[in-house]
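Contents: one structure, followed by commentary.
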């Protein structure tokens with residue numbers, strides 16, 4: 001184990017205690033209230049970046065830098081690396097750290113960098129979260145452990161995330177993506193974890209607007225923000241109080257999604273609704289319908305590097321490519 005990791009591990013309990021005390025003191029001095037400014041504002045759009053691979057399926061860091069430079073001209077609040085759309089499960093640990101380092105070197109300092117660090121065990125999640133912080137991540141995005149999903153009770157998940165939140169040198173955002181994990185982070189767990197001073201929000205990709213609205217309502221006295229996990233229900237999420245969105249489609253249509261964000265914030269609901277309608281089918285095409293291969297193919301049509309996926313993800317067939325193109329064309333994007 002590297003000396004820096006050993007040092008971090010040995011100091012972790014003390015650092016966590018100091019961080020908890022400082023944040024708790026701030027809460028005592030200023031009671032959170034609905035509408036107050038969060039300690040770290042997550043409001044806005046975050047694309048969960050696709051990880052570019054070379055034709056031999058190696059991580060292509062030069063193409064990653066190229067995409068990041070193009071995204072710098074779009075008014076994103078920040079970017080997410082190592083999420084579901086980043087083919088996170090297919091990356092080796094060293095690749096995960098290097099992707100974060102590359103993104104931090106290239107990304108403007110005023111843009112937040114969220115990095116996926118969720119693993120199946122609490123210990124591995126803590127170790128990777130520390131590595132993500134050392135590599136330059138501002139926030140850790142921690143997906144629910146799910147391999148033993150039958151044992152992932154509310155109590156088990158609260159314990160897991162509490163341990164991660166205590167040990168993490170950077171703020172933590174919960175990540176519930178039942179389409180991939182088969183597990184919805186229970187509402188009771190979210191409400192409990194929202195009280196943790198180092199857990200600042202949740203990315204909810206389930207699409208249940210009632211659930212998202214209840215999360216906002218039940219955590220309104222906490223320093224906690226709810227992020228929509230898909231462009232298809234972004235407007236509805238804002239209507240019930242979400243702060244922002246982590247949307248796969250932002251890899252392709254970043255400007256329109258930022259425009260939708262601004263229309264909602266200004267209360268221009270008719271214009272927002274018209275724009276939202278045009279985003280639903282393309283978003284479905286690059287998520288549920290064709291997944292990451294579809295996302296990467298669409299990126300190429302809009303000037304970004306998409307490239308291949310890692311096996312066993314397979315490229316689209318010619319018929320699928322044509323269907324994908326027709327979906328974007330029918331909604332006025334091509």
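Note: Cβ is positioned from N, Cα and C throughout, glycine not excepted.
Quick look at what TrEMBL annotates:
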type	residues	note
ACT_SITE	175	active site, proton donor/acceptor
ACT_SITE	203	active site, schiff-base intermediate with substrate
BINDING	246	pyruvate binding site
SIGNAL	1-16	signal peptide
Rounded Cα-Cα span from residue 175 (active site, proton donor/acceptor) to residue 203 (active site, schiff-base intermediate with substrate), Å: 5
Rounded inter-Cα distance in Å - residue 246 (pyruvate binding site), residue 175 (active site, proton donor/acceptor): 11
C-beta crowding around the residue listed as 'active site, proton donor/acceptor', within 10 angstroms: 28
Protein Cβ atoms within 10 Å of the residue listed as 'pyruvate binding site', excluding its own: 29
Around the Cβ of the residue listed as 'active site, schiff-base intermediate with substrate', the count of other Cβ atoms that are within 10 Å: 27
